[in-house]
Amino acid sequence: MDKRKRFWMRLSILAVISVALGYTFYSNFFADRSLARAGEQAVNFVLEDLEGESIELRELEGKGVFLNFWGTYCPPCEREMPHMEKLYGEYKEQGVEIIAVNANEPELTVQRFVDRYGLSFPIVIDKGLNVIDAYGIRPLPTTILINEHGEIVKVHTGGMTEQMVEEFMELIKPEA
């Protein structure tokens, strides 16, 4: 009987530990921890672009803002950047601005990436990850669509096709 009791006791302990680990894994990796939600005002920030110019989100009120959080080490980020560049000129004329927020990488690494893809939209580096933390961004890429009134319209996590980028830009294009 002693062996049987020990077996069930060990099995019970193992089950409790497994459930605890499973819950921890789920809450850390799958639960929506984003602080940015559709219908809320976008959090203001000021970051410098690669030319040293300050970009403040609040100053873009009146325009739709396509706020993309990315990293050079992120394959989906790398795939979506050419789509964003392709549509940037057309939608900039219609009142949509792209701001690509890099996740704290060295400026030289980011500049090489920008040069390789010929990106012309503003690229800023979130040194210290303050903006990423303020928006609760996990994982990369994440794109936040902000309308001309500074309100978050949509939060998209994951890569985007060219069609998705175009649909998202249409969604935040200011009304004429």
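Each residue, glycine too, has its Cβ placed from N, Cα and C.
According to Swiss-Prot, the transmembrane segment annotation covers 11-30.
For 36-176, the entry in Swiss-Prot reads domain 'Thioredoxin', with the evidence type sequence analysis.
Sequence annotations record features per position, and here Swiss-Prot assigns disulfide bond to CYS74-CYS77. If you take the C-beta of CYS74 (disulfide bond) and look for same-chain residues 6 or more apart in sequence within under 8 angstroms, you find LEU140, PRO141. Secondary structure at CYS74 (disulfide bond), taken from DSSP and collapsed to helix, strand or coil, is coil.
On its own chain, CYS77 (disulfide bond) has TRP70, GLY71, LEU140, PRO141, GLY159 as residues at least 6 apart in sequence with a Cβ closer than 8 Å to its own Cβ. Taking H, G and I as helix, E and B as strand and the rest as coil, DSSP gives the domain 'Thioredoxin' (36-176) the counts 50 helix, 37 strand, 54 coil.
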